[in-house]
Amino acid sequence: MVLSDAEWQLVLNIWAKVEADVAGHGQDILIRLFKGHPETLEKFDKFKHLKTEAEMKASEDLKKHGNTVLTALGGILKKKGHHEAELKPLAQSHATKHKIPIKYLEFISDAIIHVLHSRHPADFGADAQAAMNKALELFRKDIAAKYKELGFQG
């Protein structure tokens, strides 16, 4: 799967909006993930106690983790598909330490699309959404390949 230069530009244009508030976007995305797929919360020992959206919004740790997640994803997206060096340690930790199933990466991808659309409707139309979906699918496909190399059946 390859994105065109125009598709990558759409992805990076919306990502510039994310970078204006990485932690806030990340927190919103994690809240959307946890509300839509409560089973994902079980993978996060330090967030398991957060039961309500208000508790999640008040959590500085959740905001920090959202910042970490989106900072890593931004670094990967900026590589425009040439993300082998960035992907390897991420796949290693997510497969061997955290044991995050690929399905959960699909869930967070959906949360990313939803939050970007809700926060930036004028800048995240159908073309940009399609490009971001394609970029996230490429990321998941490449992570899945690394998982397989590591013997993780996520």
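Yeah, the Cβs are placed from backbone N, Cα and C, and that goes for glycine too.
Features reported for this protein in Swiss-Prot:
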- His65: O2 binding site (BINDING)
- His65: nitrite binding site (BINDING)
- His94: heme b binding site (BINDING)
- 2-148: domain 'Globin' (DOMAIN)
- Ser4: phosphoserine (MOD_RES)
- Thr68: phosphothreonine (MOD_RES)
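Calculated from their C-alpha atoms, the gap between the residue listed as 'phosphothreonine' and His94 (heme b binding site) amounts to 14 Å.
Considering other CB atoms within 10 Å as the measure, the emptiest surroundings among the binding-site residues His65, His94 are those of His65. Considering only the modified residues Ser4, Thr68, the Cβ with the fewest other Cβ atoms within 10 Å is that of Ser4. Counting only the Cα atoms, the space from His65 (O2 binding site) to the residue listed as 'phosphoserine' is about 31 angstrom.
The two recorded residues the residue listed as 'heme b binding site' and the residue listed as 'phosphoserine' have their Cα atoms spaced 28 Å from each other.
In the three-state DSSP scheme, the residue listed as 'heme b binding site' falls into the helix class.
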